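Following: one structure in structure tokens, then a few remarks.
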Amino acid sequence: MPLIIVALGILALLFLIMGLKLNTFISLLVVSFGVALALGMPFDKVVSSIEAGIGGTLGHIALIFGLGAMLGKLIADSGGAQRIAMTLVNKFGEKNIQWAVVIASFIIGIALFFEVGLVLLIPIVFAISRELKISILFLGIPMVAALSVTHGFLPPHPGPTAIAGEYGANIGEVLLYGFIVAVPTVLIAGPLFTKFAKKIVPASFAKNGNIASLGTQKTFNLEETPGFGISVFTAMLPIIIMSVATIIDLLQETIGFADNGVLAFIRLIGNASTAMIISLLVAVYTMGIKRNIPVKTVMDSCSTAISQIGMMLLIIGGGGAFKQVLINGGVGDYVADLFKGTALSPIILAWLIAAILRISLGSATVAALSTTGLVIPLLGHSDVNLALVVLATGAGSVIASHVNDAGFWMFKEYFGLSMKETFATWTLLETIISVAGLGFILLLSLVV
């Protein structure tokens, strides 16, 4: 019954947004209230669940999104994004530009959370699409494919790292096998899928105009832009800071030296929000003050960036409310009961449970972590490689992202797509990542 309620809730949401043309945020709130009541949630818990969902989601990403939007806007308004774009175009050529985006996104995706990588790469990818006069989606699909694969499969991302700890898997093996699975999966879900998507939703690839969330884009002569080195450094600084902190953290876990004040300070600096604040302050200097741009002009760019993402943040928060209602309403517990006593292979079972929880709850990390408790009892009676079970759980947890997932709304709003176009691109892309990932994991299980 809970899964039927979830399905009806999703259909109601689609009707409100696509049929009645109701504002997306309002629609999410209305459906969240309705689904909460239908699931039998006590009246005094409904509002608190919705507030917790909005607060929990925005508490995680509001700072990152806000600071990332300002950082991206400064790099774009100074001409730094255009300089990076023009240099990549010149080095790789128009024919190979997709591969440049895939490589850059994969490297960035290893170090950064999905949403951080997205807000940093969007201005650069948009600048490339404008420079070459090609569809933003032609580059956007490979970009998000690389970011999503690294988020689902590779440590030090929270999902794979936490799952490995729960299963007792060797983190080095997870990383090694994760790379083996991730590379072909990105190629299939990125450049190859882009060709297919262009056939099923050609209208979405015709959208080469400005992205509303980035505001009006300026164009520059090459000599007016900052140098390539300083532009890349400014854009990559959050990645550098977080990567250094992560490496030191991993060394501490591996070597086992004691915690101290220095390590605590490094973790503080390496936190995504702290790294973004530091990077933004550096960008104010490198993209503004150093180039004799008045501080007021720089701050105007920051203010514009914030004003342009307000509705996007509310929509993402609304998605978080829907997700929390499903979790608090007991949908996850219902799914757990369905799989008690099953005799399926741990790899397939881990993928299947994570997939159902992902579709039902929306959060990849919640789906992955919830799966571990159901799969762990089966691992004692199996000789399956634990690293592969970790990867299978990660693969299942990214499947079929839809309206209860913040990533769905990020992709839709950033690329200016309709609901139908978002389902045909983003949702299908995430499903391909999940299914292709499982396929490569099963192949790998034959030899390891």
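From the backbone N, Cα and C atoms, a Cβ is placed for every residue, glycine too.
What Swiss-Prot records for 2-22 (among others) is transmembrane segment.
Look at Swiss-Prot and you will find 23-43 (among others) tagged as transmembrane segment.
Proximity of distant same-chain residues to the transmembrane segment (52-72), defined by a Cβ-Cβ separation under 8 Å and at least 6 residues beyond the stretch ends, is recorded for 32, 81, 113, 115-116, 119-120, 122-123, 213-214, 234-235, 238, 272-273, 276-277, 279-280, 283, 301-302, 305-306, 308-309, 312-313, 316-325, 328, 406. Residues or ranges marked as transmembrane segment by Swiss-Prot: 52-72 (among others).
What Swiss-Prot records for 106-126 (among others) is transmembrane segment.
Residues or ranges marked as transmembrane segment in Swiss-Prot (evidence: sequence analysis): 134-154 (among others).
According to Swiss-Prot, the transmembrane segment annotation covers 174-194 (among others), on the basis of sequence analysis.
For 228-248 (among others), the entry in Swiss-Prot reads transmembrane segment.
As annotated by Swiss-Prot, transmembrane segment applies to 269-289 (among others).
Outside the transmembrane segment (302-322) by six or more residues, the chain places 9, 13, 24-25, 27-29, 31-32, 35, 49-51, 53-54, 56-58, 61-62, 65-66, 69-70, 72-74, 212-215, 280, 362, 403-406, 408-410, 413-414 with a CB less than 8 A from a CB of the stretch. Annotated transmembrane segment per Swiss-Prot: 302-322 (among others), in sequence order.
Here Swiss-Prot flags 347-367 (among others) as transmembrane segment.
Annotated transmembrane segment per Swiss-Prot: 373-393 (among others), in sequence order, evidence recorded as sequence analysis.
The transmembrane segment annotation in Swiss-Prot covers 428-448 (among others), and the record cites sequence analysis as its basis.
The listed stretches are 2-22, 23-43, 347-367; of these, 347-367 has the most Cβ pairs under 8 Å to the transmembrane segment (428-448). Between the transmembrane segment (2-22) and the stretches 174-194, 228-248, 347-367, the greatest number of Cβ pairs separated by less than 8 Å involves 347-367.
If you count C-beta pairs under 8 angstroms between the transmembrane segment (106-126) and each of 134-154, 228-248, 269-289, 347-367, the highest count goes to 134-154. Beyond its flanks by at least six residues, the transmembrane segment (134-154) meets 94, 97-98, 101-102, 105-106, 108-110, 113-114, 117-118, 121, 125-126, 128, 160, 174-175, 178-179, 181-182, 185-186, 189-191, 193-194, 197-198, 204-208, 211, 364, 391, 394-395, 397-398, 407, 411, 414-415, 417, 425-426, 429-430, 433, 437 of its own chain at Cβ-Cβ distances under 8 Å.
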